[in-house]
Amino acid sequence: MEIKGQTMTELPPLTLYLAAPRGFCAGVDRAIKIVELALEKWGAPVYVRHEIVHNKYVVDGLRAKGAVFVEELDDCPLDRPVIFSAHGVPKSVPAAAQAREMLYVDATCPLVSKVHIEAERHHANGLQMVMIGHEGHPETIGTMGQLPDGEVLLVETPEDVAKLDVRDPEKLAFITQTTLSVDDTAGIVAALKARFPAIIGPHKEDICYATTNRQEAVKAIAPKIDALLVIGAPNSSNSQRLVEVGRAKGCAYSQLVQRATEIDWRALAGITSVGITAGASAPEELVNEVIDAFRARYAVTVELVETAKERVEFKVPRVLRETA
Ligand code: 0CJ
Ligand code: F3S
């Protein structure tokens with residue numbers, strides 16, 4: 001292009017496939033609202049046990065409004081409200097808060113609470129539990145912590161299933177983390193059913209609608225693209241699973257980025273298409289930031305790839321509905 005004797009370099013063309021659904025799920029939306037409403041109702045500081053959701057941008061934003069993030073209940077003063085994160089907590093945590101007469105609000109996603117209830121029901125029926133989940137993840141710790149120590153056996157792989165030492169193979173049930181890979185989990189469930197034909201469980205697993213839908217959308221775009229960027233945090237299980245799905249479905253360059261500044265432009269040299277999605281804890285502001293960064297370097301054509309519509313909404317707890 002020639003403008004007033006100056007040569008302008010044309011931007012290279014790029015098709016940007018934008019996955020839908022992506023980003024915030026109903027449980028994350030509710031958890032963030034709970035912190036915001038608690039700050040409005042009780043003023044700052046409001047304590048939050050663990051990152052409310054696994055996203056630095058969200059956490060920093062709430063911290064700026066007066067939320068204080070801690071890892072343990074012991075780190076909270078007795079006279080300020082405390083909120084439990086979306087991932088859920090072991091039973092011992094609300095029990096300790098009650099014993100200390102603390103004001104607490106539980107922001108556990110209702111779909112995680114549903115799994116907690118399943119575990120308790122099976123336990124009450126005399127079944128030993130097997131949980132499919134990631135060791136050390138707060139959701140796994142919270143769900144296993146619904147039952148007495150040793151009552152829930154954790155498996156992460158089909159190989160772990162082969163090593164399980166159960167009390168009675170006729171009295172078993174399984175539950176799962178909500179943010180796992182749908183395909184990997186199907187393999188582990190199959191291994192459980194093959195080894196323990198009497199095992200009881202959900203219809204498929206306990207993976208939530210949001211995790212499932214975000215993985216489906218990545219499956220639809222992965223074969224079309226030269227690179228996939230998943231906006232999300234390194235400690236976000238559901239976001240990490242999207243990167244794995246991208247790679248498994250044919251997009252070798254699938255990367256997690258927290259925001260635009262983390263994009264490795266050199267690694268992207270020569271691409272003509274890119275896929276963008278965001279984990280359930282990543283805000284749309286960051287998606288827009290990443291798209292804008294591409295627009296600054298490429299002549300971008302955006303193609304929305306929508307594989308599902310989501311209309312799920314969860315109410316905040318009553319104590320926070322009555323005010324604000
Ligand atoms: O555990 C959950 C209920 C999902 C919460 C939203 O996502 P995130 O990234 O905070 O948590 P995961 O690490 O579990 O995906
Ligand atoms: Fe809940 Fe699933 Fe989101 S369990 S917090 S709806 S990722």
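Every residue gets a Cβ built from N, Cα and C, even glycine.
Going by TrEMBL, these are the annotated features:
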type	residues	note
BINDING	C25, C109, C208	[4Fe-4S] cluster binding site
BINDING	H54, H87, H137, S236, S237, N238, S281	dimethylallyl diphosphate binding site
BINDING	H54, H87, H137, T178, S236, S237, N238, S281	(2E)-4-hydroxy-3-methylbut-2-enyl diphosphate binding site
BINDING	H54, H87, H137, S236, S237, N238, S281	isopentenyl diphosphate binding site
ACT_SITE	E139	active site, proton donor
DSSP-derived class (H/G/I helix, E/B strand, else coil) of C109 ([4Fe-4S] cluster binding site): coil
Close binding-site residues near C208 ([4Fe-4S] cluster binding site), where close means Cα within 10 Å, chosen from H87, T178, S236, S237, S281: T178
Environment of C25, C109, C208, the listed [4Fe-4S] cluster site - residues of the same chain whose CB lies within 8 A of the CB centroid: A26, G27, V28, A86, L111, V112, T178, T179, Y209, A210, T211, A280
Cβ atoms near H87 (dimethylallyl diphosphate binding site) (within 10 Å, other residues, all chains): 28
Those binding-site residues in H54, C208, S236, S237, N238 whose CB falls under 6 A of ligand 1, listed in sequence order: H54, S236, S237, N238
Binding-site residues near ligand 2 among H54, H87, H137, S236, S281 (Cβ under 6 Å): none
Local Cβ density at S236 (dimethylallyl diphosphate binding site) - other Cβ atoms counted within 10 Å: 24
S237 (dimethylallyl diphosphate binding site) to the residue listed as 'active site, proton donor' - Cα separation in whole Å: 10
